[in-house]
Amino acid sequence: MRKVLLVEPVIFIYIFASSLTSPVVQQFIYRKLWEEEYNSTAISSDNSSHCERNKSSPTYVMEKAIQEKTSFFNMQLDLTGAVPSLIVAFIIVANGDHQGRKKSLVLPSIGALIADIFLTIVSYFSWPTSVLFLATFISGLFGSMATFLGGGFAYIADQCHDEKQKTTRIAVIDLIFGVVSGLAGLSSGYFLREMGFTWTFATASLLHVVNIIYITFFLQDTVHISEFQQQAPLSYKEHLKETFSGVYMLFKTAPSKKRILIIVLLFIFMTYLFTMFGGSSLFTLYELDEPLCWTEVYIGYGAAAFTSISLTSFLGVYLFSKCLKDIYIVFIGIFSYIGGIVMAAFAKTTLLMFLVRVPSLFSIMPIPVLRSMLSKVVLPSEQGAVFACIACLEVLTGTISLSVFNVIYAATVAWFSGFSFLLSASLCLIPLGVLCWLLCTSWNGEDLALLVPEEVSSIDSVDS
């Protein structure tokens, strides 16, 4: 059977299925906690959720209490899946340099399938929300989103030999991520309204089945595995040694300039991801609360509005990369995020909340550009190692960020629900400061492209 080097459909299906369930899970938890706490159903209408605005009303106090409980529950759920997925992402993505990229795509898909089956059962049989911790832990054991994206980006990097093409291809994946997650978010409200929780989770499960079949039987690997490797597979101990030695050699044998650049770029990536993930993750809870009081359909509209940010960020990367260095594109993206998140902190009407997306039009640009900058500074044989580091940082940073911001939101929602957004904007000063230092030194974007050819030429001279 002829196989194809087309990973985009895999990413499309996985992101759609995951984004379809993500806002639905938050609403499912919100409603289940309400039922468990007050032995009644959370009320909603066609236009707005039942959201008490009178602060002296007992219902208002009850809603704030459920907001806090939901926030803490989400934090605990994220931590449950983060620890195993952190280890698995590091091992599988780094091993992709020698063992192939398909493992890092198919295993997270299997984990997501198991998690969605659990969600379907919990919803259908009205099991307690505590069962969700088991589903999240199992999903983490299969690598979760970090392993999938790490493998996907490494797969793309393997096919790119031109530096500008690499930046654009990586930006395309982030575009797919944003557009598809927006479309899934938009449709999630209608899925939930027309089909309910159970069939929404079942639909996501079927999508993951399709993905597993495509990856297994139709997707060609970009890493050639020799017949000797297939006949004499490495032991578990040798696998671990190969994994950690690859990442260790990435930093140990590299010139000091390259090593410092990698560390600095990873730090910028990590700090920006921390602020952006943390602030953005609170949107659903913020929109459910008064004075917005959005329903599942409006929450879907809000998620779909994120699509425009992904599209404009991709166009920004495509156009700006023709006339600006990568580092300036990162600057523009961070300032764009700051403008949007500050506006969200004071958004008290539905119109204003939708308009938050306008100043945020380029806020996603730093993510693909920083990935591309890191990919450019390493050798082709080190792509898996660097994307393994990125994947682990994404899991670690994302989990800590979600946990920290959920705790802060729970502690501040009663007196100012927008405080967490202002904190997120303030923390952006950290990556901005490091970028300014990087810009003031001689290590600008042009140096990134010069380091790899020097190493390649030195390796070639040794081989000859």
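Using N, Cα and C of the backbone, Cβ positions are placed for all residues, glycine too.
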Do the topological domain labels in Swiss-Prot for Lys103 and Thr441 match, putting them on the same side of the membrane? yes
Mean pLDDT across the topological domain 'Extracellular' (406-418) comes out at 89
Helix, strand and coil residue totals from DSSP for the topological domain 'Cytoplasmic' (152-171) stand at 17 helix, 0 strand, 3 coil
Given pairs 6 or more apart, does the transmembrane segment (350-370) have at least three Cβ pairs under 8 Å with the transmembrane segment (297-317)? yes
Other same-chain positions with a Cβ less than 8 Å from the topological domain 'Extracellular' (406-418) and lying at least 6 residues past its termini are 64, 67-68, 71-72, 74-75, 78, 281-282, 285-286, 289, 344-347
